[in-house]
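Below is one structure, written out as structure tokens; comments come after it.
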């Protein structure tokens, strides 16, 4: 619906743009300027396209949010934003900034379908949606959409709303299912316009003049702006009308109305000729559309459908010429050869023949039961063949009035297609089994003779099986999904239609399966039929379910050359519109190298992200290592990954390391931010930043600075498995990247912000390169296997066009690409050695450049440079006309200063870069060379080639090492500062191990074929070789000392022992059950230790190889010559938790046996203390290798650790740094991930805050342990009269019923209370929140919070104003310090799951002065937000959640945009704060946690605080944080110390800054002074608040004169000369800095529920009693606490005597006390019960005191007997504990409400229960506080399953009732309210439970007490 609007329609269906999805377009919205259209589709991953209706080009694509489909769309008034509703189960509503393709907000829409959504065009940021039985009014603020449901009330029935339109003054008009129009004002239904239509109103459209509605009754009605009717147009009555016409869409502009109907018609009505609607467009309606025939001589097409109509269309005018309705659904059609007759096959097995001229019937024949699916006239016009689903074809004679003349029986299944031969003597048929049969005509005899069939010429070809059409089927498919074929013999092409909505064009005939084709999209589901027009100019196709007829223009090949203006179809999906999916037979063989590369897999069994975070014991070793030098360069599967930086250094990558190499000094610096293989690298145009992409489950791209080696931004969240190509735009602002997921997703980023701008699926095959157009950053190009595409950005998507090869050549695999000197020119290098030159998307020429693939190209100022597999670097001029110079990379050209040797001449070149007078070349063999312009070549960096490196040995007394690899080379490396390869030797096979002899002269090498050699260590020439084994030699070792024996271990489970001198095998060690992994000799050269793949640790004796069994304890005592074993009790601790998936592959012990280095399958190098006993030892770990670290070895003097990586082919050198000798640089290790087991200290308050569980109101449960049936569910007892059957007359002559309640203001006229307004709040949330009291306006105002209210308190007047938008407890508050945002406050609240609905946790940003909400941020912090902080500029907001991961999120709060989010810590984080001078740096502190964070783009990077430099410092629980200049950070700990950090290293500790925990710290921005607050006993020196200098060296203490034993400060803030302090005891105190004077501003109860509440009988005072053991007296008028009494025990209830001179207090321990008000002296006390006193009451005559307790009893005391307080009686038979009690006015009765939801009445003072209902009904009560009883049944709400109404109070006037419940609501009712679910007003503010509520005398105020929060006072307006 609502999918009609005015814009120029396109009829030329050459290519159907913008219907490019395979799915049905569901919905359409028009932009206010009426040029742009938004359309949404159905499908698994549906997207929305915004497109231009003139150029039909896509402007933006919005995707990746909705599933299933898009139900509705609407633009807002200025067209900047678009709202969409999904078809998913939650009917998700999304708001988009559609130009950027950015999602602004999303929320669950409704549980049922939503039919329409609209922006309120008169109020910004408001929307309305409607659907099944609901209408919702939405407001958009920040990132949150908040709905309010429309209230139908009594005005109308709750029913389905189908459409809506918004008007001024918050009025909304909506159309309902029953034909009424509902008018809404705000969220309330105010009136209905009955019967506006006779049935459902499907569409409503607003324009300048008014509103148009259209309904199922076929009427269009026009209304004026006030919805008064103007006119009705009944379309069923017009000349185009018909019965059952139903309007689905209307659009009114001026005097034209556009109408869309259910039967696929679009009418235009001009108002003054309203009964002559003009038909713009029509099509078939309900049911499938299958029948299609074309006229043999005229441009006409006939279609017939299940809607029983046959229609004739003109292909010239694109119009319907005739329409005729038949009796039955039509399934096929044919036109006779003379064009006179039209035959129609029906679904019931009959067929009808009509005259085409006037559609009159010629004949109707029914010979079959099943549907007729195909019929055709013979070419000579004499016969009609009719094929049915009865598996037979009947032949009818046309001239004999269609008499049946033959029958073809032979098929076993239904007939699907038929064709006649040209001479009309044969037909061929296809059936449902895919069989092709031939029959002789007209008798229908089957022909099987092959010879006879050979010569047949077919008149038409519409069959889907047969040799001629083999090619239409995919190679390996036997499926039946092609519905129709039609061949054009003249043009030698044919078209096919299939079930996937695709029309394809093939050559005819096409004999080989999987032929090439072009494909065209447009139909949504299956295309049922397709035919050429008689002159082959057009193709007509029809869609089954989409009822549409498409007409396509055929452009023959010869015309294509002239018509290059016909751009190829753009595609969003990889539609391969010009290529088929099939493998192309004529593509050259893939080059071997490229083939190898495409087979490399980057998937990992376990990704690093999946590693569990473990707990470890044992201390990590004190020593550490630092990466020093890396040999290797990744060239074998990467390209263009080598560049000069600004300063002339060289940047490249290997393994997981980004390397910046200084070629003058031969030193390297490393970027170690990645944790797995880096696959690509690009350099910023200014040559200072680099982007690198890595492998990973959610792989990331890091942008980092080559000078500082610091990350600037990390981009992740969109690429799976890895990133294989990146490129910067010419302005350096954008970055493009390509993933290695199955779709090779392409993403365009704004990298500084870390935002994804656009994304699209790239290609099924591998993409090698992405390049952004240097002139137009919106355009890019990608090349890969059989792939070259030009992309342009459209909103959140990219639209791609394939390169047009034309007749120039074939689609080739492209290896590289660059842009040329204008924005149109692009150049690509192919796998065959050509360079293709492109203009726009067209290939203009190719140039032969290399033998073999062109792997790299580089554009210069005036020309290009290319490199290929042939090892040649070629320089070209700027048009690729001629090659200016070539350089061959040969050994002969190697310059003397080289750092190694070339392995072979002309190595394959993978990367080229120019600069600084040189050409930089990277080769496949892992070499980096610098070619001078004059020819000499210098080798700079070298590593192994492709293949795993396992063998590593260090020399016994020189700084050299040997490596051997699967690349079949043995290499010797110099480890001294020259860092070069000294020698290399090629081997016949790859090798896995090597070892130097003890004298260093010989080198043994084990090979993969089971042989091994011993070579001269200097010359690498053979000394001797052996082969006794078939399998890989896995380890080889000389015995120590003289090196007499050589142990050789192999993968076939043996160790052979050779005598080196005699060159003979002397022993074999047998007994291993798996391959051997490690070998070690003991010092004497007698014992061998062996590890096997089955994790066995075995011992053998040399030389014979006898197996020994040695007990564990002995093993440790043996002196081993080396230790490389990974098994045994000494190294149990080196195995990680998931030892199944991963192996520790290597280890090596330092010569002093202190530190064991290990390498594992995750690429970690770890250092452990040796011996590492016990599981999961502590370690330091280092990431640099990517996958496996295959071997680790210390050099002879332990100065270096050498490690080799398996697949990353790199050799890394690490310097070993002793503890304490470390230079002050931070080390780049991650200390072992995990926290120590040591606890971080203990404090009761901290523990409590850490463990507190915040209740969410919506999930609130009852605070009292009630049982029984709730009052509103109880069966009512019949009254006495009802029982006796007495019917009372309506007017009773008896006495009037007594008042229910004694009223005390009888003289006044009673007026009901209309409303409550919040006036005063006593209390402040200090017990579990911190840093939540702040000064505003230079100390004139104080802001703080309690319950769900933000409070602004004016210090001078004491008045309060409130922010009441939160719907649940506020947990944190912060103030924006930036002058641009004065008085801006952020508060975070609790909430339940993070589903973005209204109960999700949220942060509100608001203006403290006018209480306006500026932004609401719904967040994914489930449970709640516990800390918020603004950044230095005030634009960013940081929040921390209470969810299990304690997520940290950064927001741009003004836009409501989430910038970054990351799990913070596995335990509670208390505070996170931005540095006061930064927008990117912040610190978080929590349980054993302090982390220093950096925001890089959209990523959060963090470093753990390092304790290492201070002796015995341990990680404590950190509670607070403050900042100093020069990157100093101060954190307050649980022990009272303050830690001082520089960067992230601990530099000193301020011991015992406080005696107890330091809960809060405040940094003053103007002078840098720091205030700390802690838990401390006041003493002469110390105080709980201290003011420090900037360095935290000197301090001054302040005492808080609160009279508490210990002061516990939870919040501090410093203003001008004053310090503001919030305490755990809920006081807010102002301390003067000069005189240290304290002024208490706010008081409150500190703990536990406040249960007791009593108002003074005559003055506006009230008392409160709480679990904190105090009773406090408050004065409402003065707004302060007058007095407080500490009782020493928790108090539960309190009551004034009728005169106000005494107070009774009931305690939790069963005692009660009576005080005299004037002196606060105790008048009497008594304890007769052992459990809590629940309520206490004086009788109205002051004689009795009633005390109700949890022991199911009420005790009566006679006060006239004096203060002895002897019990005179008590009430028996109370079914449960007492909740409330009320005396009758005459003091004779007492009503008691109990915990079993029963109310009972007792006589006073006897305590007898009164059961006579009639007597009870006549009692007048002095007060009413009961929540039970028939009079108040209406206060129980429908939603009280889990939660209760806790308290109630009737006003003194007796006509109003207020209640408090477990949801924290105060409700105002009329009294009495005997009807269930009575009407009421609600007032929010308390957090969950309310415990008590009272009217003050004179009903001026209502006082309510909160269970867990505080006290409230509300003013009452009467």
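Yeah, the Cβs are placed from backbone N, Cα and C, and that goes for glycine too.
Where the annotation comes from TrEMBL, it is an automatic prediction and has not been curated.
According to TrEMBL, the feature repeat 'WD' maps to 211-226 (among others). Here the repeat 'WD' (211-226) is broken down by DSSP into helix, strand and coil counts: 0 helix, 11 strand, 5 coil.
Residues annotated as domain 'EML-like second beta-propeller' in TrEMBL: 289-553 (among others).
Mapped onto DSSP classes, the repeat 'WD' (291-315) shows 0 helix, 16 strand, 9 coil. The feature repeat 'WD' is assigned by TrEMBL to 291-315 (among others).
According to TrEMBL, the feature repeat 'WD' maps to 365-396 (among others). Packing against the repeat 'WD' (365-396) from elsewhere in the chain are residues 290, 331-338, 341, 343, 345-353, 402-409, 411-424, 427, 429, 431, 439, 441-444, 459-460: each is 6 or more residues past its ends and has a CB under 8 Å from a CB in it.
Annotation source TrEMBL lists region 'Disordered' at 571-594 (among others).
Positions annotated as compositional bias 'Acidic residues' by TrEMBL: 576-594 (among others).
Summarising the annotation, TrEMBL assigns repeat 'WD' to 847-877 (among others). Shown for the repeat 'WD' (847-877): DSSP residue counts in helix, strand and coil, namely 0 helix, 20 strand, 11 coil.
The domain 'EML-like second beta-propeller' annotation in TrEMBL covers 949-1216 (among others).
Beyond the ends of the repeat 'WD' (1182-1214), by six or more residues, the same chain brings 604, 625-632, 634, 636, 654-657, 670, 672, 674-678, 695, 926, 943-959, 961, 963, 965, 967, 973, 975, 979, 1145-1152, 1157-1166, 1228-1230 to within a C-beta distance below 8 angstroms of the stretch. Annotated repeat 'WD' per TrEMBL: 1182-1214 (among others), in sequence order.
Annotation source TrEMBL lists region 'Disordered' at 1224-1245 (among others).
Annotation comment: TrEMBL describes 1229-1242 (among others) as compositional bias 'Acidic residues'.
Long-range contacts of the repeat 'WD' (1650-1684) within its own chain (CB-CB distance under 8 A, at least 6 residues past either end) are made by residues 1320, 1322, 1358-1360, 1625, 1643, 1690-1696, 1698-1700, 1703, 1705-1706, 1708, 1720, 1891-1898, 1900-1901, 1903, 1905-1907, 1910-1911, 1913. Positions annotated as repeat 'WD' by TrEMBL: 1650-1684 (among others).
Look at TrEMBL and you will find 1650-1910 (among others) tagged as domain 'EML-like second beta-propeller'.
TrEMBL lists 1726-1767 (among others) with the feature repeat 'WD'. Mean model confidence of the repeat 'WD' (1726-1767) amounts to 89 (pLDDT, 0 to 100 scale).
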Residues of the parent chain within Cβ reach of the repeat 'WD' (291-315), under 8 Å, 6 or more residues beyond its termini: 263, 284-285, 321-339, 342, 344-345, 347, 354, 356, 359, 528-535, 537-538, 540, 542, 547, 549, 551
Remote residues contacting the repeat 'WD' (211-226) - C-beta distance under 8 A, at least 6 residues beyond either end: 163, 165, 167, 173, 175, 179, 181, 196-205, 232-236, 241, 244-252, 257, 259, 269
Positions on the same chain near the repeat 'WD' (1726-1767), where near means CB under 8 A and six or more residues out: 1302, 1692-1699, 1702, 1704-1712, 1714, 1774-1783, 1785-1787, 1790, 1792, 1794, 1802, 1804-1805, 1807, 1822
Helix, strand and coil totals (DSSP H, G, I; E, B; other) for the repeat 'WD' (1726-1767): 3 helix, 21 strand, 18 coil
Number of helical, extended and coil residues in the repeat 'WD' (1182-1214), per DSSP: 0 helix, 18 strand, 15 coil
